[in-house]
Amino acid sequence: MSSSNLTETLCIVGAWLVTFGAVGAYGASVILRGRRLSKIVPPEQRRWM
Amino acid sequence: MTTTKTQSASNLSPAPTGTGSRGTRVLGGFALVFLVIAVAYGLFISPADAQLGNTIRIIYMHVPTVMAAYMAFIITAVSSGMYLWKRTEFWDLLGSSGAEIGVLFFAVTIVDGALWGKVTWGVFWRWEPRLTTSAVLLIMYIGYLAVRAIPADPRTRATRCAIIGIVAIVNVPIVHKAVDWWRGLHQGKTVLGTIDPEMGGTQLFAMYSALIAGLLVCVWLLIHRFRAGFLAERASDLGLDQALEERRLESSPATGEDA
C-alpha cells in the first residue's frame, strides 16, 4: 500500500471513529448523568409523559 | 375519597430511573437502524466517487454532522427568542441543550473536514472563508456554554445565554454562504447546499441514510440532554431547600433559649 493510500484509509477510518466515538461518548455521559440524578430527584418530579 | 386516591396512585406507572421513555426508545431504535444502513452503504457497499474517490466516505459523516449541528443551533435560537418572550425554564433548558449538542456535532464536522482536507488538499487546515467562518461559529457557541457555566442567578444566566443564542445564529447563514460570497478552497454549494446533484444510486442512498441517522441521533440526544438538565435543576432546588432547612434548624434552638 502506497503512502497516499495509507493516509487516505487512515483519514476515512479516523473520520468515522471520531464521529461515532465523540457522539457515543457524549450520549453515554448524558444517560449516566440522568441515571445518577434520578436517584436524587423524587419520583413525582421525574415523569416525562 | 381515600379509595379513589389510592386507586389513582396505584394506576401510576413507576417513575423512570433515567432520562429514557418509550418515545426515546422508539426513536433510538429507528436511529440505530439508519446508522447500521449508513455504515453498510457508506463504508462497504457504495462505490468510490469518480472525482472524490474513496474520500466521499468521509463526506458521508461530514454532511450529516453539519446538518445536525445547524438544526441544533436553530433550535437554540428559537428557544432563546421564546425564553425572552415567555421567561420559562423549558425554553432555557431547550436552548442550552441545543447549544451543547450543536457544539458537539460542529466540532466533529470540523475534525472530519480536516481529515478530508488532509487527503484532498494535503493539509488539515487552511484559513480560507468556509473554514474560518466555521471556526468563528464554533468559538461563539463555546462562548455560549462558557457564559452558561459562570455562576449567576438562573434568570440572569438564562437571559445572557438567550441573547448570545440569538446573536450567534446570524453566523450560520454566513458559514453556509461563505463558498458563494468569497473565493476559497472549499467545494461550492450543491443540492440543499450540501449534497452533490451528480450523486446517484447507492451513493445517494448512503448519504441520505447517514443524514436521517444523524438527525435522528441529534433529536434523541436533545431529548435526553433536556431531561438531564431538568433533573439537574430539580436536584439543585432540593439542595437549596435542604440548606434552608438546615439553616432554620440551626437558628431554632437559639430562638428557643432567647425566649
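A Cβ is built for glycine as well, from the same backbone N, Cα and C atoms used for every other residue.
TrEMBL annotations: computationally assigned, not manually curated.
The compositional bias 'Polar residues' feature in TrEMBL is assigned to B:1-19.
Among the features that TrEMBL reports, domain 'Cytochrome c assembly protein' is placed at B:25-186.
Here TrEMBL flags B:1-20 as region 'Disordered'.
Positions annotated as transmembrane segment by TrEMBL: B:26-46 (among others).
As annotated by TrEMBL, transmembrane segment applies to B:58-78 (among others).
The transmembrane segment feature in TrEMBL is assigned to B:90-111 (among others).
Sequence-remote contacts of a segment are chain residues at least 6 beyond its ends whose Cβ falls under 8 Å from one of its Cβ atoms, and for the transmembrane segment (B:131-150) they are 73, 76, 96, 99-100, 102-103, 106-107, 109-110, 113, 125, 157, 160-161, 164-165, 167-168, 171-172, 174-175, 178, 184, 186. Under the heading transmembrane segment, TrEMBL lists B:131-150 (among others).
Here TrEMBL flags B:162-182 (among others) as transmembrane segment.
Within the chain carrying the transmembrane segment (B:202-223), a Cβ under 8 angstroms from the stretch's Cβ atoms is held by residues 19, 23-24, 27-28, 30-31, 34-35, 37-38, 41-42, 45-47, 49, 56, 59-61, 63-65, 67-68, 71-72, 75, 94, 97-98, 101, 104-105, 195, all 6 or more beyond its ends. The transmembrane segment annotation in TrEMBL covers B:202-223 (among others).
Scored by C-beta pairs under 8 angstroms, the transmembrane segment (B:58-78) has its highest count with B:90-111, from the stretches B:26-46, B:90-111, B:162-182.
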